[in-house]
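Beneath this line is the structure, given in structure tokens, with notes to follow.
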Amino acid sequence: RILLYQEFEHKMWLEYQWIVVCGGLLAVFVAYGIGANDVANAFGSSVGSKAITIKQALVIAAIFEFGGAVLLGAGVTDTVRKGIADFSKFQDAPELLMYGMLCVLLATGLWLILASYFELPVSTTHSTVGGVIGMAICAKGAGAVTWMGSGGNVLGGVVGIVLSWVFSPVLSAILAIVLFGGVRVLVLRSQNSYVRSWYVFPVLVFLTVLVNSFFIIFKGAKSKLKGLEPVDAVWISFVIGGVAALIVTFGVVPFLKKRVDREFEAAEQAEAAKAQAAEEGAEKGVDEGKVQIESVEAEPEKKNFWSTITSGANHDVHSAIEEDDAVNAIHEFSEKFDPKTEESFKYLQVFTAICDSFSHGANDVANSIGPFAAIWGIYKYEGLKKKTEVPIWILVLGGFGIVLGLATYGYKIMCSIGVKMCRITPTRGFAIELGAAVVIVIGSQLGIPLSTTHCQVGATVGVGLLESLSKGVNWKLIGKVVVGWVMTLIIVGLTTAGFFAQGVYAPSVVNIREREELQGGIKDAVIQMVNTLSSSNIDIVGGNLTLINETITNLTNHSLYEAQVVDSVKFNNVLLEATTGLTHSLAHQLNKT
């Protein structure tokens with residue numbers, strides 16, 4: 001029996017290599033969706049405010065998203081969503097969990113691409129959680145899902161995720177309102193706003209570094225710094241923030257101020273020269289314009305495959321202002337401030353975008369590829385381990401997919417959250433990014449399952465509300481986004497359950513073939529046993545042979561087949577029970593004889 005089961009188990013793991021291969025491909029597919037949706041959402045305010053271009057966002061993402069994931073996210077990662085489902089139920093059937101995670105990857109990737117197409121910024125984490133919930137219910141029933149935290153804690157489990165749809169965007173909106181409202185009163189509306197902006201610059205850098213340092217140190221590097229307490233992370237973050245503020249005050253601010261002054265002087269001179277040239281050669285300008293128009297009209301014919309692939313990076317997300325009347329009205333209604341002051345905040349927002357990108361890579365990217373890490377870990381160790389080391393090559397796959405997704409399809413989400421939702425300038429964008437980051441840090445410390453996407457959207461709405469309740473925010477778009485949040489768990493959960501059920505509960509040629517092989521093997525073994533006993537002048541062939549044949553039939557035609565299809569652990573139990581029964585029957589006959 002033991003040899004038979006070991007041979008079956010070894011053969012099983014060899015046959016599941018295709019899950020690992022397909023899982024790797026789907027991991028890249030999911031990473032592509034993350035780049036097109038989740039990462040694009042993180043850069044939406046920076047691109048929307050024109051602090052950086054899409055190409056610059058690509059460079060930042062390629063360096064800092066990937067760097068954060070490799071340097072701080074490659075430690076011990078929860079390969080299964082902790083607190084969402086009871087995966088101990090899969091302890092004796094790890095191959096089911098491996099296939100289930102494959103279904104989670106497929107459903108999550110499809111939903112992220114679909115949401116990006118409809119310009120809906122959704123949560124990658126919640127998408128994965130929805131898939132895990134659907135798979136767990138389909139495999140083990142609703143009891144396998146952790147609906148609430150231990151002791152009835154409403155902040156844990158699925159209930160906590162649903163509650164986060166409300167309080168995470170609301171808290172982010174409140175903080176963004178406080179930040180931008182304070183900057184608007186103290187700096188933007190003053191007569192010498194440009195001068196004041198350089199005075200508050202080091203203070204805001206201190207806050208930015210403080211928040212992001214705490215997030216990276218306590219959440220990202222906690223596994224590498226044993227015994228690290230929250231108090232330690234706080235004072236270390238204060239020191240890092242203070243040092244950064246001093247460097248900015250005496251080394252960076254003078255340089256940036258000279259650069260901004262120089263750029264505006266050059267822009268004014270160029271504008272004056274352009275106006276003079278227009279007066280002197282109006283007719284010549286018309287002729288040149290015709291030639292330029294003809295050249296532009298002929299451009300589509302020269303496009304090749306590479307230009308098509310990179311078209312997303314060259315997309316003008318701000319064209320929506322002219323194309324959409326509702327968006328144009330929001331931008332026209334918003335309060336305008338000194339361009340030089342806004343320009344000074346541009347550098348601060350770029351710095352914030354870099355910090356957020358590194359934090360996102362350290363804490364979210366590694367977790368987003370957790371399903372594939374689970375598949376790889378189960379296959380490698382031929383069993384379930386709740387935590388496993390994420391190999392660097394898996395992170396490389398994720399980094400490649402993220403950059404590719406951001407480059408080719410990220411412009412839709414950037415346009416949605418950075419242009420269409422409300423008017424974003426560098427001062428507004430800074431408040432959005434810092435406000436969202438603070439809420440994420442607080443939520444992570446309290447163990448609340450927050451989404452960076454929800455916080456980002458909430459902070460964006462908060463800044464828009466400072467303009468006007470009705471005219472400062474695109475409420476039609478917000479309605480679509482909220483529906484997308486609610487549907488994320490439902491759609492991904494149902495899709496994953498459908499994929500999982502089709503693969504697990506459908507009739508299988510492989511299972512039928514293995515059933516026939518095992519049936520023949522067991523029959524041969526029992527017949528040999530009967531023949532051996534018969535040759536020893538022990539007469540048990542009579543009435544007991546019928547009992548033995550019935551046991552074999554039930555074993556091979558019913559229980560064994562169902563065990564292979566539903567839960568392979570039953571295979572071992574059924575064989576044990578059948579063998580024990582046969583042994584007792586034979587022993588009884590021997591005693592009688």
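Each Cβ is built from the backbone N, Cα and C atoms, and glycine gets one as well.
Those TrEMBL annotations? Automatic predictions, nothing curated.
What TrEMBL says about this one:
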- 16-36: transmembrane segment (TRANSMEM)
- 57-76: transmembrane segment (TRANSMEM)
- 96-117: transmembrane segment (TRANSMEM)
- 129-148: transmembrane segment (TRANSMEM)
- 154-187: transmembrane segment (TRANSMEM)
- 199-221: transmembrane segment (TRANSMEM)
- 233-256: transmembrane segment (TRANSMEM)
- 390-411: transmembrane segment (TRANSMEM)
- 482-505: transmembrane segment (TRANSMEM)
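Below 8 A, the CB atoms of the transmembrane segment (129-148) and the transmembrane segment (482-505) form 3+ pairs separated by six or more positions in the chain. Between the transmembrane segment (16-36) and the stretches 96-117, 233-256, 390-411, 482-505, Cβ pairs under 8 Å are most numerous for 390-411. If one looks beyond the transmembrane segment (199-221) by at least 6 residues along the same chain, the residues whose Cβ comes under 8 Å of a Cβ in the stretch are 68, 72-73, 183, 186-187, 228, 230, 233-234, 236-238, 240-242, 244-246, 248-249, 253, 344, 348, 351-352, 355-356, 358-359, 362-363, 430, 434, 437-438, 440-441, 444-445.
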